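Here is what Swiss-Prot records for this protein:
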| type | residues | note |
| --- | --- | --- |
| BINDING | 62, 63, 64, 65, 66, 86, 139, 170, 215, 243, 266, 295, 316, 317 | FMN binding site |
| BINDING | 66, 111, 112, 113, 114, 115, 170, 175, 244, 245 | substrate binding site |
| ACT_SITE | 173 | active site, nucleophile |
């Protein structure tokens, strides 16, 4: 039986340009038109990572709910956590339209949005009004015209400290000129020192230590991975998110849309991002939490991220093609896979294919 959303998406939503369709989906979630997912909690999926308890390992990645409009509605779809943003100190419009492109044959998306968002103040007001206890992370970035990008990240920590369950410092978007330069070792050391000092200062004031993750690109050299791992362990960071979108266009079927500039996400990113994830797990060791992102489209691909070294996983682009039922289907599917593997917890399967993925081509 064909999923009703897929019929609607291909015949309805896909008639609209991607950015308009995205706005319609946010409106539908706000209005309650999208039904909540009914999932029986599975204690085998529950885990504590970076001091936070996650009911299941599946999260909504940053980029969908940029302005913190629907975090609780997303959690009701079955996600174990969600991440708002990327949010910058001041509002900014991002890059000119069109700036999102569907590659339907590839089940992929190319975007060059450029951190379009309403700024810290608007997102903070919405997060302050939340009544639920779900895990909502805040992805922070820098304004395109900022004269001191590190100061922008520090401002994000200070602004959202009372409402964030965790932070993600996004230094890996390819759509803000020069942003990925912050992944270079000297720049990264300065960034992490400043961000973690701000976090520690706020923790001392509030009595709550909020974990900080770093989101990295998949387009890294081996030396680049070495540098990030070394700095993550030296400071120390609370975790990594692997990975953001890629500039690679290798193996795409839709060569017309592939020519668009921007970051590629969706199914074609799975192999590359999972290989980088495994390489980073090898570098940072067993203790540092890692969230795996890129091409998660099913329970099987979510579990494969975990087998490659992830503690948690996130998705976004694949929901464009699979619809709002995807998170619930994945969570239920993970329970079924644990049955098949006769595993007592999802944690038991982490790293079980680490060597395989670490040896794969990046």
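Positions of Cβ are set from backbone N, Cα and C atoms, glycine also.
Keep in mind the model is a prediction, meaning the values are calculated, not measured.
Sequence features annotated in Swiss-Prot and their locations in the structure.
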| residue | record | Cβ within 10 Å |
| --- | --- | --- |
| 62 | FMN binding site | 27 |
| 64 | FMN binding site | 22 |
| 66 | FMN binding site | 21 |
| 114 | substrate binding site | 21 |
| 139 | FMN binding site | 28 |
| 170 | substrate binding site | 29 |
| 173 | active site, nucleophile | 25 |
| 244 | substrate binding site | 26 |
| 266 | FMN binding site | 24 |
| 316 | FMN binding site | 21 |
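Cα separation, residue 316 (FMN binding site) to residue 112 (substrate binding site), rounded: 15 Å. Among the listed binding-site residues, namely 112, 215, the Cβ with the most fellow Cβ atoms inside 10 Å is that of 215.
Residue 62 (FMN binding site) sits 10 Å from residue 170 (substrate binding site), taking the Cα positions as reference. A Cα-Cα distance of 12 Å separates residue 173 (active site, nucleophile) from residue 139 (FMN binding site). For residue 112 (substrate binding site) paired with residue 64 (FMN binding site), the C-alpha to C-alpha distance reads 14 Å. Looking only at Cα atoms, residue 244 (substrate binding site) sits nearest to 215 among the binding-site residues 64, 66, 139, 215, 266. Cα to Cα, residue 170 (substrate binding site) and residue 215 (FMN binding site) are separated by 5 Å.
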